[in-house]
Amino acid sequence: MAPSSAEADAAASSSGRLLVLYASQTGNAMDAAERVGREAERGGCPAVDVLSMDSFDPSRLPSERFVVFVVSTTGQGDPPDSMKGFWRYLLRKDLDRQWLEGIHHAVFGLGDSGYQKYNFAAKKLDRRLLHLGAEPVLEIGLGDDQHPSGYEGALDPWLLSMWKSLNEINPSLLPRVSDINDSNLSILGHPKVHVIYYSSNEVPQDPILSDPSKIISSARSMSPALRFHADGEPPYMLQMVKNKRLTKEGSDRDVRRFELEDPSSAISYKIGDALEILPSQNPSAVDAFIERCNLDPDCYITIGVRSGDKVSKGSVVHSQMDRIKLRTFVALTMDVASASPRRYFFEVMSFFATSEREKERLQYFASPEGRDDLYQYNQKESRTVLEVLEDFPSVQMPFEWLVQLTPPLKKRAFSISSSPLAHPNQIHLTVSIVAWVTPFKRTRRGLCSTWLAGLNPNKAVVATLLSTDQNTTTYPLSHYACVQTFLSRVGYTKDPLPPPRPMVPLVLIGPGTGCAPFRAFVEERAAQSAAEPTAPVLFFFGCRNQDNDFLYKDFWLTHAQDEGVLSSKKGGGLFVAFSRDQPQKVYVQHKIKEQSSIVWNLLLSDAVIYIAGSSTKMPADVTAALEEVICKEGGVKQADASKWLRDLERAGRLNIETWS
């Protein structure tokens, strides 16, 4: 399909425009895309449009001339939700190799090299654009969360190269290209949000204001930063009925089992599902933030999104039901005491610093030259928004900017460790309590895991659930957490692991807290075996020491005995690697290779492989071990073994769930 004459005319009119399309799941790609737009405007670009992919008609792509794509990768190499419709259109068979002829494009991806399908969505998009005839301005840029400076470590040099190349292609597109990186010419525009304030006297009391789930939904739907964090249905109440430490007291790792319960009814979920939790922030941290920013905690607000210099129509609903107390909004939507701000936060701060010394330091942090020092100060120390504001006391940022730039309070996702057949009104979680020491010897703690660990059983917690059954709706499961005035909720999140049928053999590989979903799998298979025939299950577990962190030891050993689902009598097996209990380190991949014959026989019986755990070296090491098993037992070359595993993955017989 070549562009029509009408499209060609439109192309001529857009030759001075730069279109920036982004696909974001958590907001990072949007942040990067907005930076591209700001720099283009600083370089004098006559027209710049920064749009989410799902708000752009892909059929109009041939009428553009200069397009920058900023794309994140989610889950196990999946595109963000906002990219899926756009991507489906690009895959249409009636689009020929000349469809995008004349278009200059650039692609920047945001990913995490700890995952096997690193920047998969961006790489696929770049290849497809080339296949459709688009001409690359420069090579694809690959942002990496593992880089010391995060994705900006790759974005900074990539943007410099892109502006240079675009200027060579069309000098009129960026007539002031040299201004882009001149910090002295930086101008602060308007914030993208607009806040309307109401005194408490102006807001009549309404039943919604005392309904925790309605307050949560109202606050989070009002936050512009949370547009990529759909919370689904309002939360239901769940009680924490057990908070048990699984690792040995005194060991350096604290892993807990949390049991959450709905005492009134059964909970609809499946094994392999994941639960999200919206944690409560420390009330004193919220109060300190509000005091530091000279805000009135008791006033009510509504928030709208600006379009240009105007507030978008319909972005603010002027009813008392949509007004929320400022303190509640901060507590439920703005992560003020655990997340680190981005570089643009420091740039905006510099405009509001009245101390010359602070202004200079902030400008330096916001510059390319100061990137490494900013990393040491900010990311390496896990500096929070509140701490940064306290370090620069002369800065008084308007609340609009704080709403726009403070990282959103995100839900945390945990694999479910229980089977609904065994626990119809409960959900169990296996959670490592996160703590670390910074280079300056400051102890930092994970917000959600620390909050959960501090909850007493039989007080409330909260949750929302996402089912593996794509034909069903999202199931709400949350509850009001009785922790001061805070509301917390739990919800479904990442792509769940598909639950297997009873007669499907299983090879489960889950070192450390990677065992979490497989406790549910084994519970379910045990419940099924009491009523019907079931297939064998192999489970490979790994930890440091048998005495310190053999999670669920009694559970696994019980199911490995007699007629248990992990017993050799049932064709199954339990194989544990204790990496530090002998001079040489032993990991799950070594145990897999030791049991190559039984693994191979199950694979020949159409077994499904599940791998869960850390996203660092483990998945690659386990995959390599499986390839070695296939080579040894199947008598094939390594390349054929790799293809065999890829075919298994495409057929749904190899499933990987990892986390960083």
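Positions of Cβ are set from backbone N, Cα and C atoms, glycine also.
Because TrEMBL annotations are produced automatically, they should be read as predictions rather than curated entries.
Note that the coordinates shown come from a computational prediction; the quantities given were computed from them, not determined experimentally.
Quick look at what TrEMBL lists:
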- 18-163: domain 'Flavodoxin-like' (DOMAIN)
- Ser24, Gln25, Thr26, Gly27, Asn28, Ala29, Ser72, Thr73, Thr74, Gly75, Asp145: FMN binding site (BINDING)
- 233-476: domain 'FAD-binding FR-type' (DOMAIN)
- Arg412, Ala413, Phe414, Ser415, Gly446, Leu447, Cys448, Ser449, Trp659: FAD binding site (BINDING)
- Thr513, Ser579, Arg580, Lys585, Val586, Tyr587, Val588, Gln589, Asp621: NADP(+) binding site (BINDING)
By CA distance, which of the binding-site residues (Ser24, Asp145, Arg412, Phe414, Cys448) lies nearest to Val586 (NADP(+) binding site)?
Phe414
From binding-site residues Gly446, Thr513, Val588, Asp621, Trp659, the one whose Cα lies nearest Asp145 (FMN binding site):
Trp659
Could you round the CA separation between Phe414 (FAD binding site) and Thr26 (FMN binding site) to a whole angstrom and send it over?
17
Measuring CA to CA, name the entry from the binding-site residues Thr26, Asn28, Arg580, Val588, Asp621 that ends up nearest Cys448 (FAD binding site).
Thr26
Return the residue, from the listed binding-site residues Phe414, Trp659, with the maximum count of other C-beta atoms within 10 angstroms of its C-beta.
Phe414
Across the record's NADP(+)-binding residues Thr513, Ser579, Arg580, Lys585, Val586, Tyr587, Val588, Gln589, Asp621, the largest CA-CA distance in angstrom?
19
Checking the spread of the FAD site as listed (Arg412, Ala413, Phe414, Ser415, Gly446, Leu447, Cys448, Ser449, Trp659): what is the longest Cα-Cα distance, in whole Å?
18
Out of Ser24, Arg580, Asp621, point to the one nearest Arg412 (FAD binding site) in space (Cα versus Cα); all of them are binding-site residues in the record.
Ser24
Hey, what's the widest CA-to-CA gap across Ser24, Gln25, Thr26, Gly27, Asn28, Ala29, Ser72, Thr73, Thr74, Gly75, Asp145, the FMN contacts in the record, in Å?
15
